[in-house]
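Residues or ranges marked as L-glutamate binding site by TrEMBL: 42. Look at TrEMBL and you will find 76, 77, 102, 152, 171, 194, 236, 237 tagged as pyridoxal 5'-phosphate binding site. The domain 'Aminotransferase class V' annotation in TrEMBL covers 6-348. Annotation comment: TrEMBL describes 195 as N6-(pyridoxal phosphate)lysine.
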Ligand code: PMP
C-alpha cells in the first residue's frame, strides 16, 4: 500500500493513524459486534463517542464553559445563512470584512435577510492583504462582525483577531485547530470539517451562550442554534460516522501531536519551508503580503504559465497529488493542513527545485 502526498484543499488529508484506527474498529467497534455507522445515535455507545469528541475538542481549544459546541451538517456554506438567521432576531445590521471568495459568499447570504455593511475590504489591494484594524469601520447598529480567518482559495490569512464592540463571528473552516486560539474573543466560530477536523459532512459551530436568544422568528428549526444546543446536536440524525472520525482526529492531535502549541510549531515550519522555496526562486511566486500569507493554503504561480500542465502531470507522477489551484484563480495551490506531514512538504520542495532546474 502506498499513501501519496496529498495537498488537497478539502476534503483533505487525514492522519494515517486515524484511518488505521478507524479501519481496525470498522467491523466490530470495541467488541459491540457492529460498526459505528450502524449504531443508533441515541445508543450509550454513540453517546460516549459524541461526548468524548466534544470533551477532547474542548480541552484542545480550551473552550470556556459558557460556549456551546455543535456538531451540525450542511457545511460552512449553510453557516453563511444560519449565522444571520440566528443573530438578527433583535434587529441591527450584519457587518462583514471582505477578504476573498468565501467571505463574499457569506455576505451574499446575509443580504438575503435584508442587507450587510462592509466594514472593511481587501478589494483595493486585489485580495493580497487583509484590512488593518484601523480600516475597520462598523455601522452604528452592528448586530455582529463576520470575517474569514483564512481565505482558502486566495491563501490570505488574518494576522490578528479584530477587536470590535459587536459579537465577533468567524469562518475558520481552513484554519481551526492549526494553532491555539482564544475562543473567548468570539461570539461564533464555525468550520466545515473536511480540512482540519475530519471527513466532509460535519460542520463544527462554537457559540457563546448569550447569543442563543437572538434567532430570527422565521428561522427554520434546523437552522436554530438554540434548538441544536438543547438537543445535543441531535434534533435529527447527526452525521454519526464523521463525528466519530472527528473525535479520533482530536485524540490524534492531543496524544500523537501533543496539542495545539506543538501543532502550531509544525505548521510554522512546514509553511516556512514552502514559502522559502518560492521566495528563493524567480520561477515561482506568491502574491500575498508576507504577514498575511496563509500557512494552510499556499497558492503559487509559475513564471511561465505554459508549463502549468506539465508541472501538474509530473508532480502527480511522483505522488504529489492535488496541486492544481482553484478553478477560479488557476495556478497551483498546496494545502498544508495539520494532517499533511512535514515529509510531504520536503518532497514538494525538492520536486519544485528539480522541475525548475529541468524546465526553468
Ligand atoms: N469557507 C471557507 C473558508 C472554505 O474554505 C470553504 C470550503 N472550501 C467553505 C467556507 C465552504 O465550505 P463547505 O463546502 O463546507 O460548505
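Indices start at 1 and increase along the chain as displayed.
Placement of Cβ uses the backbone N, Cα and C atoms for every residue, glycine included.
These numbers come from a predicted model, not from an experiment.
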- prompt: For the recorded positions 76, 102, 195, 236, which residues place their CB under 6 A from an atom of ligand 1?
  reply: 76, 102
Query: Using Cα coordinates, what distance in whole Å links residue 152 (pyridoxal 5'-phosphate binding site) and residue 195 (N6-(pyridoxal phosphate)lysine)?
result: 10
Separation of alpha carbons, residue 102 (pyridoxal 5'-phosphate binding site) and residue 42 (L-glutamate binding site) (Å): 35
Query: Among 76, 77, 102, 152, 171, 194, 236, 237, listed as contacts of pyridoxal 5'-phosphate, what is the widest Cα spread in Å, to the nearest whole number?
result: 30
Nonlocal neighbours by CB distance (under 8 Å) for residue 236 (pyridoxal 5'-phosphate binding site), same chain, sequence gap 6 or more: 222
Integer Cα-Cα distance in angstrom, residue 77 (pyridoxal 5'-phosphate binding site) to the residue listed as 'N6-(pyridoxal phosphate)lysine': 14
Field: Chain-internal residues, separated by at least six, CB under 8 A from residue 171 (pyridoxal 5'-phosphate binding site)
entry: 76, 79, 80, 102, 103, 106, 146, 147, 148, 149, 190, 191
Statement: residue 237 (pyridoxal 5'-phosphate binding site) sits from residue 195 (N6-(pyridoxal phosphate)lysine) (Cα to Cα, rounded, in Å) at a distance of 23
Field: Cβ contacts of residue 194 (pyridoxal 5'-phosphate binding site) (under 8 Å, same chain, 6 or more positions away)
entry: 10, 11, 12, 200, 201
Task: Take the Cβ of residue 195 (N6-(pyridoxal phosphate)lysine) and count every other Cβ within 10 Å, whichever protein chain it belongs to.
output: 30
- prompt: How many neighbouring Cβ atoms, not counting its own, are there within 10 Å of the Cβ of residue 237 (pyridoxal 5'-phosphate binding site)?
  reply: 10
Message: I need the most crowded of these binding-site residues: 77, 152. Count other C-beta atoms within 10 angstroms of each C-beta and give me the top one.
response: 152
